[in-house]
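**Student:** Questions regarding the structure given below will be posed in turn.
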Amino acid sequence: APACCSARYNLAMLAFFGFFVLYALRVNLSVALVDMVESNTTLAENRTSKECADHSAPIKVLRNQTGKRYQWDAETQGWILGSFFYGYIITQIPGGYVASKVGGKLLLGFGILGTSVFTLFTPIAADLGFVALIVLRALEGLGEGVTFPAMHAMWSSWAPPLERSKLLSISYAGAQLGTVISLPLCGIICYYMNWTYVFYLFGIVGIFWFILWMWLVSDTPATHKTISHNEKEYILSSLKNQLSSQKSVPWIPILKSLPLWAIVVAHFSYNWTFYTLLTLLPTYMKEILRFNVQENGFLSALPYFGCWLCMILSGQAADNLRAKWNVSTICVRRIFTLIGMIGPAVFLIAAGFIGCDYSLAVAFLTISTTLGGFCSSGFSINHLDIAPSYAGILLGITNTFATIPGMIGPVIAKSLTPNNTVKEWQIVFCIAAAINVFGAIFFVLLAKGEVQKWAVSDYHGHKN
């Protein structure tokens, strides 16, 4: 079944735009918040490090100042930014379970629609006070929490085993591109219009995507209206011996599965570095490397552009290794996880120890995040290798643990850098690198690449 114009690649592209919108909705507040707060309440004392010299003159641009501003101190802002994860962590496992029962289409669609609608109400919530804004962001987290497990559940019915890396890397790469485009775009909107338009723009785009999703997508190839007979037969026959028909979820075997815990540890470790950099890279660029606001938006987005490119290319490479070179699935997952976790660790440490060499620091941080894209064809899709029928539930479990670094990683990093010195940031980078290396080794030792017995059998070990 050719890939061009096929139903499965159409699904991958629609999912790509869905995750693009999702990450734009996620990171928009971190940019807009700078404009929402009175400048004299952000920090009592100037914490900019003087170790590195200024190397760029500030660019004077006429700035729109019509957006309303609020008296929120640094601690309050921390609570506002972190509140998203408190909702996000709750719906991971329930999202995977519901998707395995009713399918991922409605769950993913309404998850993004809910997040988009709540985003439109952000200016009203901010007017009501920071508590209302914290509650609204937590509700957005609840909506986004079901999306990744729902997508994994859909791919368990749609992705032929030898095309998994390609299809999943295309769909999830939208998250990286959403970060790349929304970080500078939000800055531009805040600069020339005002911060409220950031939320209106992305909220409306999310609703438009939802209409397309509901119109064009089906839960399974069997229920798709316009899929060709050849493609339907190709997908269904390739998944014939991989899916379970048992109605109840084998929770005990799932929780006892060492290959699952290998993914949990790898996912936790990878996200520690990812979330620490996503949250604090703009701070590092400004306070240590002394880049001005305009440069900062572009340079903070650059690493995620590299990661997006790497995800797309590594997905193609991983499936070619398996299909054309006959490399085993587990071997491909191990190699790509090692490159995607140890590579970033090496360049992260290098970035911390080159001092004030601006161009090298930006290059190393960009290479570090770019190499992380290999993980999308490593541990990230290993759930579908070991238990396609329960992939949504497994991703819900691993993503629950992997959300914890988003809640505590930046907090620990902030506490380790009270004076914003190069030495303090070296400690932050070294901790992230050590966690990454540990996760990679743990995964390589315990991961599996074939469908586990409990994923296709009933409780007595008989095939259905």
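Positions of Cβ are set from backbone N, Cα and C atoms, glycine also.
Bear in mind that TrEMBL entries carry predicted annotations, made automatically and left uncurated.
Per TrEMBL, domain 'Major facilitator superfamily (MFS) profile' is recorded for 11-451. Among the features that TrEMBL reports, transmembrane segment is placed at 12-34, 79-99, 106-124, 167-191, 197-217, 258-278, 298-315, 335-354, 360-381, 393-413, 425-447.
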**Student:** So which residues does the transmembrane segment (106-124) touch in its own chain, when a touch means Cβ under 8 Å and the partner is 6 or more beyond its ends?
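**Tutor:** For the transmembrane segment (106-124), the far contacts come to 15, 18, 21-22, 25, 28-29, 68, 95, 98-99, 133, 136, 139-140, 142-147, 150-151, 153-154, 196, 199-200, 202-207, 209-210, 213-214, 217.
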**Student:** Compare 12-34, 79-99, 197-217, 258-278, 393-413 by their Cβ pairs under 8 Å to the transmembrane segment (425-447) and return the stretch that comes out on top.
**Tutor:** 258-278
**Student:** Over the domain 'Major facilitator superfamily (MFS) profile' (11-451), work out the mean pLDDT and round it to an integer.
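**Tutor:** So the average pLDDT across the domain 'Major facilitator superfamily (MFS) profile' (11-451) works out to 90.
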